[in-house]
Structures are given as C-alpha cells and as structure tokens.
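> Have a look at the structure that comes next, please.
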Amino acid sequence: SAHGVENSIISVLTMHHWETLNHMAYKFGKLDKVHGKLALKILGSIVQQSGLERITHVYCLAAHILIQAQMHSQAMSVLKHLAMAGFSCSAIFSSLLRTISRCDSNPMVFDLLINAYLKERKVVDASKAILLMDNCGFKASTHTCNAVLNALVEVGESKHVWFFLKESLARKFPLDVTTCNIVLNYFCLDGNLGKANLMLQKMKSRSISNVVTYNTILYWYVKKGRFKAAMRVLEDMEKNGVEADVYTYNIMIDKLCKMKRSTRAYLLLKKMRGNNLSPDECTYNTLIKGFFDEGKMKLAIYIFNEMLKQSLKPSLATYTTLIDGYCRSGVTGEALRVLYEMQVAGVKPSELTYSAMLNGYCKASMPGHALNLIEDMKARGTAINRTMYTILIDGFCQLGVVSKAKQILKSMLVVGINPDVVTYSALINGMCKMGKLDETKEILSRMQKTGVLPNEVLYTTLVCYCCKAGYVGEALKYFVDIYRRGLAANSFIHNTLLCALYREGMVTQAEQFKQYMSRMKISFDVASFNCIIDFYCTRGNMHEAFSVYDNMHRYGCSPNVDTYRNLLRGLCKGGYLVQAKEFMACLVDIPYAIDQETFNALLLGICKDGTLDEALDLCEKMVTSNFLPDIHTYTVLLSGFCRKGKIVPAIILLQMMLEKGFVPDIVTYTCLLNGLIKEGQVKVASYLFQEIICKEGMYADCIAYNSMMNGYLKAGMIHKVDMTIRDMHHNEVYPNPASYNILMHGHIKKGHLSRSVYLYKDMVRKGIRPNNVTYRLLIHGFSKHGMTEIAIKFLDKMVLERIYPDRLTFDVLITVCSEKSRMSNALQLFNCMKRLYMSPSSKAYSAMINGLIRKNWLQQSCDVLRDMVESGLEPNHTHYIALINAKCRLGDINGAFRLKEEMAALGVVPAEVAESSIVRGLSKCGKVEEGIIVFCSIIRAGMVPTIATFTTLMHGLCKEGKIADALHLKGSMELYGLKIDVVTYNVLITGLCNNQCVSDALDLYEEMKSKQLRPNITTYTTMIGAICATGRILEGQKLLNDIEDRGFVPSYKDQILEWRMENAMRRLNIIRNCRKEITSKNEVELLHADHESMHEAAED
C-alpha cells in the first residue's frame, strides 16, 4: 500500500542506505495527497543532510510531485524557497525543465514559479522566466503576462518594462486591454500624462478602451490637481458610450471634497443616481467627511440620514467619520451619542474611533471626560495604544497641565508601552509653550537613552520656541545638532533663526547667517524679510528697512500686506508721518497691499502725533475704501482723544461704539482709564474700573489693574494700591513684574524700604522674575535714603541674575555716589559701564565731575570730562570753569590755560567767555595782578569780557583795597554797554563799606534803585552793618524805611532810630542764616560758577 511504501522509504533514508532505493521496484498509480506529503517529508529529510541543501533538482522534483498531487500551495512554497535561495532564474528553470518529463508533470509549474517570483518581489526574474518559457515552447497565460508587466510598472523598473513589452509584442504574447491599461498606468506613474492621453486616444481608435482605462487616467488627472482635464475625461466617457462605475464617481467626489467643494461633489452623487448607479458606503463616507471638514455639520448629518434611507448600513468607517467630524466641530455630546449608537448596532469601535473621541475631548478642553473614556475602554477590555496616550499627553499640554502629561507618560512606561518620537514631541511642545525650556533637556536626555532620537519636527519645535524666548544660543546648538545627527534643517528653521538673530539685535551674526543661507541656496521666505524690515523699523533705520524691501524682488520674494504694514508702522514710529502718508497713497494703487490693520497703523501714528482732525479724515477714507472701522480703529481713536486730554469726546466715541454694536474690550477701557488718570480724574477712573469693568463680567487683565494702581500711586493713595493688588489675587489675575514695580515705587516714595524688600522677596518666591525696573527702583530708593552699600548689593544681585543694568540704573548710582563724595565707588561704576559698552548720561557725567572737583581729584575729573566729549555729549561750561578755578587755586596755571584752550576749541562757549574764565580763576585764588594782565589782553583782542568776569575782578580788587580800580572797571562795564546787576553792585558796596566809604556806598545804593534794580538781603545787611559800625545812624534813616517798606522787618516808627537799626540788623541776619549753609569752600566756587553761567546764558 501507499502507507507501506512511505514507511519503507523513510526507514531506508533514516539508516542512510541510499543504494537500496535503486533496487526498490514499486509501481505507482495516479499520485494523490499521500504521495505529496511523502515527497515533502523526503525533501525535508534530504535538506537536513550536509552538502545537499543546494540540490535544485530535488526541489524541482518535489514541486512536480506536489502539482501532480493537486497540492498547489505546498508546491508554491517549495518554489518560493528556491526563488529566495539565491539560485539564478536560468538554473531553476533548467532544473524544472529537466525533471518535468520524469514526473510526467505539466507546464503549470512554470506559472507557479512566476507567481513565486512575483510574491517575493523579484519581478525581473519573473519576466525572465516568461521569456524562458517561450524559448522552450511554453506560452504563459495573458493573466500571467499582465501580472508580470504590472509588477514591473509598480517597482519602477522602466528599462525592464519597455524590454518586456517589446519582447511580448515580438513573440506575439496574447495581450489584451488589461495590458494596455497597465502601460497607460505606467505613463501616469512616470508623470507623463501627455503620453498617457495619447495611449488613451489610440485605444479609443481601436475600440479597446474600457471603464478601467478611463478610471486610470481620471485618477491620475485628479491626483495631479488637473480637475478640468478630469472633467473632460468624464464627459469623454459619456460620448464614447463607456459607462462610468461607482469607482469613477468616487474618484471625483473624493477630489472635490479634498478641494473643499463638497457641495459640487454632492451634485455628482445625484448624477450617479440619475445614471442608475448606487453610491456605496465609501461614497457617503467621503461626502460626510468633506462636509465636516468644511464646517458644514448639518449637511454632513443630512448625507448620513440619506445613506440610511438608501438602506446602506453604516460601517465602522462611517461611524468613525461621524465621531471625528462631531469632535472637530466641538460637538462632543453628539459624538458620544454616535459611539453608543454604534455599540448598540453591534459595530465594535476601533482604535481610530476611540482616538477620534479622545482627540475631541482634548480639543474641547474636557480632559476629565477623556480620562473617563480611557477607564471605560479598560473596563471593556480595549487596549490603550501609544496613539491614545499621545493624544492625552498633547491634550493636557494644550491646557497647560504639563505635570499631568508627565504622569501619563510614566503610566505608559508602567504598562509597557514605549513612547515614540511623536509622544515625546507632544510633551516637549507643551513644555515649550509653558516656558519650561530648561525641563525639555531632561526629556530629551531620557528619550535618547531609550533609543528614541529626535526628528526634524521635534527640532523645529525646539528651535522655534528657543527663538521665541530669546535663547538664540540654545537654538543654534539644536541647529548644529540636526546636522550632527544626519538630518537636514528645513527652510522654516533657517528663516526662524534668521528672524531671531535680528530680533535679538545680533546684526553681525544675522548677516553671517544670511550669507550662509545664500551659499546653501536656502530660500528666504516673506516672513524673514518682514522680520528684518521690522527690526530696522523698530530702530528707526528706515533707509535700511527700505533697502531690504527693494532686495525682496531680487530674491524672488513678493512683499505682502505685512511687509507694507511694517514699513508704514516704522515710518510712523520714526516720526516720518508725512512720508507715511505719501507711502499710504502709493499703496492704495497696489492690489491687496492694504488691509484694515494697515489703516489702523497709520491712524495710530496720526493719533500719537496729536492731529485728531487728520485721524477723523482717515477714518472717512477707510469707509470709502470699503474698510469699515473695527474695534481696534475705535480704540486707537479713543486713545488719541485721551492722550490729548479730550475725555468728553472719548466718552462720546465709546457711546458710538456701543450704538454700532461693538463691544468695547478691556484694551478700550484701559485706554480710557489711562486718560482719566492722566487728567487727575482718579475717582472717575476708579468708578469706571469697579462699576463697569469688574461688575459687567468683563475680564480685567493685569494691564488694567496696573493702570488703576498707577493712578492711585500718582494720587498718593498707597493704601488703595495695596487693596488693588489683593483684588487681583482674589480674582485670580496674577500680578506681573510691572504690578510689583508700581507697588514698590509707591512704598519707596513713602520711605517704606523694608516693605519694598518684602515685595522683592515675594516676587522671587512666586517665580516672577524681577526686571531692570525692579532693581532700578530698589537701587534708587536705597541710594536716595543714604544706604548706598545696599544699593550696590542689589546691583551685584542684578548682574548675578543675568539682568544687565541699563544706563538709568548706573546713572542713579553714579549720581548718588558723586553727591555723597564717594568717588571711588562712582569711578568703579563708571568703569563697569565702559566694560558693558555703555556711557553715563549727561547728568551722571556732571555729578561725577562735580564730585571729583570737590575732592580735588582734578586729573580724574579732567579724564571724565574728556570721556564725556568722546561719548558725543556736550559738556557744560561750568565744569570747565570749576576746573579752571581749581587749577588756579592749586597753582597749576598752565593746566588752567590748557583747559581754557580745550573749552574754546570745542566751541562750548564763545572765545571771550573762555578767556574770561582764566581771569576769574586767577582772581579767585588771589592772583589779581595776573588776572588784570589777562583781562587787558582780552580788551586788546577786541573782545568784551563777561559781566561775571568784571564782577569777579572787582571783587578781587576790593579785597585788596583797590576801590578806585574797581570803580574804574564799573565805568568800563558801562562804556562797553554791559548791564550792571545786583551782584556787581553788592561787590562794590561791600568793598566801599569795608573801606569806610559809607557815603559812596549809599550813593551806589541810590544808583541801584534808580536803575530799577532791587537790592537784596546781602545789600541791606552790608549797608546797615557799615552804618552801625561807623555810627552814622541818621544817614541810615532812608535805608531803614526802604527795608521796612519791602517787608523784610516790621515797622516800629514809634521806636528810636538806634533800636530800629539794631532790630533790622538782627532780623536780616536771621533771614540770611535760614539759607542753605555752604559747608566747603569748593561748593562756594561751584555756586559762583553757576552764578556766572546764568550771566553767560543770558548773554548768549
């Protein structure tokens, strides 16, 4: 029996008695499955022997036997093994050919070999096998030939396609319309729709085209976006009597839906039914999705109901499309209803269905419902996959709950689901949005340790958010890392980095990066050009901004509405309002160059300029240009009125907004608040804030609260500021640095320094980073109250926090240190500024120079003065005068003359004033003779000395008792037309009184009065003192009456004259002592310099 034969052969094989097989004389009938199984066992036993695994004819024999035994699938497996074993097609074919006669097999084995090659994607070998069959007289079937040709087309073997096609035609293989359709599809795949169309025309001429032919070219026309050509093909089908099938219409409907033209797609569906074609489930699903994508939810539901009317049962895909559509439309309740409905209908939701539902909940900010759904899925035994976890993580990140997203990531790992790069990207994106860029490094490190490497999308996220946060250095590191990992940075990353470099003011690096992009042929997008233009516009460099604008066309980039708007804003901001109006006039003629925001930008510039009539005219032009004013327009106008103090028109405008149906937002009300506060109407502003903004359900933001606090601060209502900040916390409006700065400013003004320090610590504790203004307020406050050491410590803290002090902060400290004569500290701060490439303000320079002069640090004061000149600031001539006086006092006459020459060369004062400064310096230090020599040289040079010079020289002569010379100088002053002032008369009167010339002093006193000059306390004190000292009481009668008439002392006319004189003297001295006491001789000199500068300023 067959079973006995099987056992005998297996026994012989297992004992390795191979020769015994030759002596076995069994006769066989027709082969059946038993023989086939035996052949497989024998084959398995043979291939296990060493050195026999590559015997092809053994495999071929087995394949023939299996075919004879009708075991085609097993024969295919054997042939697949041969195809993948590395044997050449020729070798396998030869073995099959040699063994076919021995097994009395049939040519079917060759078809199976070809199919085996096709299954293993060895299509070239399959084509060779067909040609070898033909060489041996075996003809492959049409189906087999078409299968091979189609496979060659699919793998893109262009050379082999044409070779096989030519050979097929030459050998007269039985080709049919399917063959032509395959060739047509090949032309389409190759992107040669012209040749495909030519092939179609030839097939039409031979009447061999069918619906598949048309569907093929129709599909490719639609895929390539050539919709009109596709419609022509559809019309051509009708003309040629080829009936379109459901697939034909589905192609068109799918494309129309993707083009957001679902209504037209629905018309095609109606046409299908008119042609007696029944739309299938795919047709309806496509339309439902199309209408949902366009936001036409009602129409999508209508299509679904129509589907039900056609007795089509919704499938899993239909329900999933509905759920996804409802969720994307924000109607999660309906989506949940559909989910329950499909479960009732016995349709089991797939992972895609649940993912759509989860995504809907997360997008609708319903994370609790999403978590409940997850629990429901677990209860139903549905596995939670990576995609679902990723949706949850992304959802919580979008809501800003990054901590919960991290917990979900941990729970993924616990259940053994490894996050992929998409999961990590969602988490990192959320962290970046929340400003937690530092924490992203930990996530990046963790994902790389688990073998998940960042992709281009993740790097794009990191670079983008680093640039937004101002961490350009970090962004550049990620940029380098992209190329280190073998990835390529896209043009978006390059353009984002370029924008960030310009935004951070790193112009040199930005220009270098721009050159790199040009070398790498990376195109600049319009956003980059707009960013560069905005950079230059913000800095007022409109020439460079327009230069970039001109270069846009050279780089093949067309300006858009944002480009024009940035340029217009730059012109307005830079004060080029006339040019802005002219530019706007040009833009009106350019199509799509202006929009509502462009008009608003110009309106803002005009309102800031204060020309409100022009602003109203522009609003009229907006309307005539078909741009209706929006809420931003009204807000800008209202702000303009408030800025000009026109509160009543601003309120009328607010009323107009309400009448026109606009709902003023918090920005509008904040502008009105600021206007009221500016006009001192703090109570009205408070009413507006409390009764309208807060009680009308409007969300008052931090800026509105800050405005109100600022108003209270200006009104000195510090308790109200404290109350407002408490209200902010109560209403969950979190203060920003500006809020704390306002509060801190108020307490510093009141001298509550401990409270200010508490506020600073509270900021730090709540994670609010103090800014430049915060530290400046603290430094100024402590400096003002004499605590300079603490102020300097805050400066150190500021630098440690990487908040670089601005010029104003340094100015405050330098000024305070200089006023307190702590010049070592002032010079250290000055040097620190230089290292940071900053220069003090003119006021800070002045304070330093004055402080150094007071300490007689003349060399340092000269150095600072020269540095001031090099910084482009114009020094005050009082600095030079004070220095010249100090140099003369110390005997450095040459140094004084050098300073005089320097002052004259800089043109700080006219030449005569510069020369006069030497005269005054010499006179003040007692070198009157030398002063007179210089004075005479001024006269000889044809210049007229200043009044202050005459006065100072007179003072020196009077001190030396040379009254006649002093009076001679007075005569010279009158001769030169100089107006003698009270100070000059006082100097002469004092000199005369000191030299007992009281009568002459009284004569000068009368002369003063005749010239409409009002004697001052010094005049009266000097005169009374001299009269009393010389005993000439009667001559002082008129003087005493003048003093009483002026109200300096009470009138006691009933008292004796001597008592009245003594009383007047005592009271005048009391008045003099009430003045600010001058503590040092240097300060006296500086005051003299200021007095002299007033004279010179009046003369200039």
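Note: Cβ is positioned from N, Cα and C throughout, glycine not excepted.
According to TrEMBL:
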type	residues	note
REPEAT	245-279	repeat 'PPR'
REPEAT	350-384	repeat 'PPR'
REPEAT	420-454	repeat 'PPR'
REPEAT	455-489	repeat 'PPR'
REPEAT	595-629	repeat 'PPR'
REPEAT	630-664	repeat 'PPR'
REPEAT	665-700	repeat 'PPR'
REPEAT	736-770	repeat 'PPR'
REPEAT	806-840	repeat 'PPR'
REPEAT	841-875	repeat 'PPR'
REPEAT	946-980	repeat 'PPR'
REPEAT	981-1015	repeat 'PPR'
> Do you know the mean pLDDT across the repeat 'PPR' (455-489)?
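On average, pLDDT over the repeat 'PPR' (455-489) sits at 89.
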> Restricting to the same chain and to residues at least six past its boundaries, which positions have a Cβ under 8 Å from a Cβ of the repeat 'PPR' (420-454)?
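Contacts with the repeat 'PPR' (420-454): 386, 389-390, 393-394, 396-398, 400, 402, 405-406, 409, 412, 461-462, 464-466, 469, 471, 474, 481, 485.
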> Within the same chain, where does the repeat 'PPR' (595-629) have neighbours whose Cβ lies under 8 angstroms from its own Cβ atoms, ignoring anything closer than 6 residues to its ends? I mean 6 or more beyond.
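For the repeat 'PPR' (595-629), the far contacts come to 561, 564-565, 568-569, 571-573, 577, 580-581, 584, 587-588, 636-637, 639-641, 643-644, 646.
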> Short question: which residues 6 or more past the ends of the repeat 'PPR' (630-664) have a Cβ under 8 Å from it?
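Long-range Cβ neighbours of the repeat 'PPR' (630-664): 596-597, 599-600, 603-604, 606-608, 610, 612, 615-616, 619, 622, 671-672, 674-676, 678-679, 681.
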> Take the repeat 'PPR' (736-770) and count its residues per DSSP category (helix H/G/I, strand E/B, coil), listing them in that order.
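Residue counts for the repeat 'PPR' (736-770) by secondary structure: 26 helix, 0 strand, 9 coil.
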